[in-house]
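> One structure, as structure tokens, below. Some questions next.
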Amino acid sequence: MSSRRSSFRRKEKPAFQRFKDHCRHFTAFMFSNVGIILLVTFYTIGGAFIFQAIEIFEYERLKSQKPHRFIERNVSGECLTRIWELTAENISFFDHQAYRKRVNDVLLEYQRAIVKKQLKGPDVEQWSFSGAFLYSLTVITTIGYGNITPHSEWGKLATILYAIIGMPLFLLYLSNIGDVLAKSFKWIYSKVCLCRICPGVAKRRIIRERRKMRHLARALQMHHMESGGGSSSYSSSSSTTNSNSSSSSTDYTKSSHPSSSIVDLAYSGSDSDIEREIRGSTDEITVPLTVCIFVMVGYILWGALLFGRWEDWNYLDGSYFCLISLSSIGFGDLVPGDRVITADRDKVEVSFILCAVYLLLGMAVIAMCFNLMQEEVVHNIRAIKRGFKACFRCRSS
């Protein structure tokens, strides 16, 4: 009894080994398909809280230490005062060229101050939760609109560290979710567009394809018979020529061997083979390029309709914004700013959350379409290569 207990204790793993196993399972789950979605979502939400806290804290600290920096200047009043002083100094307009130059310098400085104020934007109102979430999302997706930027040193340092971790994480998200969406779309395409869900329709389609292959196999056989018959009739006079004809017949059989697979496939029209082909895996199916382009265009147009209702944009501006965002160009001339910059720091717009979901899902859809288009292009190139090889083989025979 004691020996059994000791053997049972020996089989138990130590605590450190169990901890390593749990960490390994947790890491495998986090980098799975479901885990990577949760990881990107929580990473973006966590980044929003971090950037919001840093920027608001730095704003409040600088406001208490250096209040003169936050006193809003009356730029227009200062400009008018300086112009009035220059006019009073040169009341006789004796040197009007110097006067005009000084006034132009004052106006140019006024323009620069106005532009700087507009580019800087609101100090702390932009760092609501919605604005911080948009900033975190544009950092890891490399869109980078530029309408929201950190002003503090700690915010810039946090952005560098956040992007170093977040960008590879988002690329992993695009790779995993793009593959999952590609396999799912191929399955839907095989069931709906190729009519695999209807066995009768799929069977008729396969029979038509095999009928075309049968005609092709007959044409290849006629071509080989014509090319082989002449050489055999010409070499039937002597034993030497008989040996040559036998070697040529063996060469003919070797040259006709690659087409035997086509012939066998064309004439193997049994129901079991057809059912096996209908129920085959979807990995061998390729989606046409037109379908992929239609999916991308449809997703962009659907997003243009949504953003047109949320942001009061016209259809062209909505389509332009969706294309620029999903392609990660991010010019920044059109951003969902009216819904993001709010007076309430903790207010979360539902339409903005749907905007973020649209961008995350849309970039995965674009990755899926690129994956399917790559498979289709590779499949077509291989088919062209096989066609060239068949043409050169027929010429050589």
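Note that Cβ sites are derived from N, Cα and C of the backbone, with glycine treated the same way.
Since we're looking at a predicted model, the values are computed, not measured.
What TrEMBL shows for this protein is this:
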type: COMPBIAS; residues: 232-260; note: compositional bias 'Low complexity'
type: DOMAIN; residues: 124-182; note: domain 'Potassium channel'
type: DOMAIN; residues: 295-377; note: domain 'Potassium channel'
type: REGION; residues: 225-260; note: region 'Disordered'
type: TRANSMEM; residues: 28-54; note: transmembrane segment
type: TRANSMEM; residues: 127-145; note: transmembrane segment
type: TRANSMEM; residues: 157-175; note: transmembrane segment
type: TRANSMEM; residues: 285-306; note: transmembrane segment
type: TRANSMEM; residues: 318-336; note: transmembrane segment
type: TRANSMEM; residues: 348-373; note: transmembrane segment
> Determine how many residues of the domain 'Potassium channel' (295-377) DSSP places in helix, in strand and in coil.
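Tallying H, G and I as helix, E and B as strand, the rest coil: 57 helix, 0 strand, 26 coil.
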> So, taking each listed stretch (28-54, 157-175, 285-306, 318-336, 348-373) in turn and counting its Cβ pairs to the transmembrane segment (127-145) that are under 8 angstroms, which one gives the highest count?
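Comparing 28-54, 157-175, 285-306, 318-336, 348-373 against the transmembrane segment (127-145), the winner is 28-54.
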> Does the transmembrane segment (285-306) reach the transmembrane segment (348-373) with at least 3 CB pairs under 8 A, where each pair is 6 or more residues apart?
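Per Cβ check, the transmembrane segment (285-306) touches the transmembrane segment (348-373).
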> Could you give the mean pLDDT over the domain 'Potassium channel' (295-377), rounded to a whole number?
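Mean pLDDT, the domain 'Potassium channel' (295-377): 84.
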